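Quick look at what Swiss-Prot lists:
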| type | residues | note |
| --- | --- | --- |
| COMPBIAS | 1-10 | compositional bias 'Basic and acidic residues' |
| CARBOHYD | 70 | N-linked glycosylation site |
| CARBOHYD | 93 | N-linked glycosylation site |
| MOTIF | 258-269 | motif 'Peroxisomal targeting signal' |
| TRANSMEM | 100-120 | transmembrane segment |
| TRANSMEM | 139-159 | transmembrane segment |
| TRANSMEM | 174-194 | transmembrane segment |
| TRANSMEM | 197-217 | transmembrane segment |
| TRANSMEM | 224-244 | transmembrane segment |
| TRANSMEM | 256-276 | transmembrane segment |
| TRANSMEM | 332-352 | transmembrane segment |
| TRANSMEM | 370-390 | transmembrane segment |
| TRANSMEM | 411-431 | transmembrane segment |
| TRANSMEM | 436-456 | transmembrane segment |
| TRANSMEM | 471-493 | transmembrane segment |
| TRANSMEM | 505-525 | transmembrane segment |
């Protein structure tokens, strides 16, 4: 059948227009706001699909849609299944307490994943001594895990749109739990490397899906605080990992760095598998349509994803290749991704730099060195607490632009937070002499913690607002290049500090961070012009088509 035009859809005659309301909008124009594209099956349907089905509630639970049959040539009315008004099965209508519980479970899961990525940095020497390997081989164990972070989303993001979020959470976390065990009992470095790669791929799923899960649960005007809670988790985890790992390494040995991962990952798997229901609206409505077809003996009950007749190969091409198209053809995606890669790489460099400064320079133990990550974590928490205020400021800007602010307004937090990174690095660099007080480098970490969350959130929001219907692919591109670079930095950080010295190595990073400060300013002033010539950026013409 032909792809229906969005202006062909109309409501059931028994359902007056005023009986329809959007579940994630405060208006009656039936068009999704940018954040909603994380909650819509954009890559699962063709460009002519009508997305109202997923963002409206109707009195009868259906929207009548006329579609011309490719077989008979006649126009037939199909019943597009929707949620009913105040539908208890709509995740956005769940009680606020339960939505917060689900939010904290997925945020805790992200914390565990981030914790697992960094906890082993507390004792790189353990496997070296036991297996008789070089230091670079031991660092590869960290690297392959982060590489997995970049590879996994290419598979798990499309999988979640096809089968739902809950099965992907359950399957991948179970896989991650299983492959932590061989790490803890490994007899050689090969086992560690292979199993850590598998764990990295498996653990990437929660990081990939949580943004969509929160979009499933919360209306756009409610997402500010939940998103702040989530955004802090992936950065607090890496800060807490070396702290806990240091004490375990000093008192229990390096294998306990994996046993603690097993314990936390198992708890996260149990909580998210058995207490958090499916939240993805297209899957929920698809199951409802299947039940209605059977109960009513009427094949006309359907959903947009079921109407899409494109072969799976074409969908996979979009899933797998579109992120790279955006990365190499879109300057906005490329430079924002490079900037976030610098920030992410810096975070993993710190896992190596802190032991160099505190253990090598000051002669501290691993456990005491881990304490120096606390200011970094405090900076992250402080920044996350600022997120609601940043969101309120953006809402005021949005009102000033009649509800349609340019995407570049998302860069305002980045334009001042970007200076925190080089400032923190300069402080870290020139207070890292062995005879100076330990507080200096720690305060540098605090400044970096403050900047990193605001940069991360601002970058994500800018990409989502700029590409909207391509948002998932843009974020996947950013995640891929960010993870690959973060993995590489671990391998050369020690050599860089050895050859340049502690102060000048950190200063080099500070100058790189300083150069990156130009990126948000360039896009703030020139981004609109760049978007005008973009093949993929969202345009007003597309918005009018959606709202028609």
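The backbone N, Cα and C atoms fix where each Cβ goes, glycine too.
Remember, it's a predicted structure, so these values are computed and weren't measured experimentally.
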Review point. What are the DSSP helix/strand/coil residue counts across the motif 'Peroxisomal targeting signal' (258-269)?
Key: 12 helix, 0 strand, 0 coil
Point to revise | Residue numbers, six or more beyond the limits of the transmembrane segment (436-456), whose CB comes under 8 Å of its CB atoms | key: 231-232, 235, 239, 339-340, 343, 346-347, 350, 354, 357-358, 362, 372-384, 386-387, 390, 413-414, 417-421, 423-430
**Study point:** Surrounding CB atoms that lie within 10 Å of the CB of residue 93 (N-linked glycosylation site), all protein chains
**Key:** 16
Check your understanding: If H, G and I count as helix, E and B as strand, and all else as coil, what does DSSP give for residue 93 (N-linked glycosylation site)?
Key -> helix
Check your understanding: Between the stretches 100-120, 174-194, 332-352, 370-390, 505-525, which one has more Cβ pairs under 8 Å with the transmembrane segment (411-431) than any other?
Key -> 505-525
Review point. Between 0 and 100, where does the mean pLDDT of the motif 'Peroxisomal targeting signal' (258-269) sit?
Key: 96
**Study point:** When counting Cβ pairs under 8 Å to the transmembrane segment (174-194), the leader among 100-120, 224-244, 256-276
**Key:** 256-276
Study note, to complete from the structure: Best-packed against the transmembrane segment (197-217), counting Cβ pairs under 8 Å over 332-352, 471-493, 505-525, is stretch 471-493
Review point. Mind checking which residues reach the transmembrane segment (505-525)? Cβ under 8 Å, same chain, six or more beyond either end.
Key: 332, 335-336, 338-339, 342, 346, 349, 353, 408, 411-412, 414-415, 418-419, 421-422, 425-426, 428-430, 432, 458, 462, 496-497, 499
Review point. Among 224-244, 370-390, 471-493, which stretch has the highest count of C-beta pairs below 8 Å with the transmembrane segment (139-159)?
Key: 471-493
Point to revise | Other parts of the chain folded back onto the transmembrane segment (471-493), taken as Cβ under 8 Å at six or more residues beyond its ends | key: 34, 37-38, 42-43, 136, 139-140, 142-151, 153-154, 157, 204, 207-208, 211, 318, 322-327, 330, 333, 336-338, 340-342, 344-349, 351-353, 459-460, 463-464
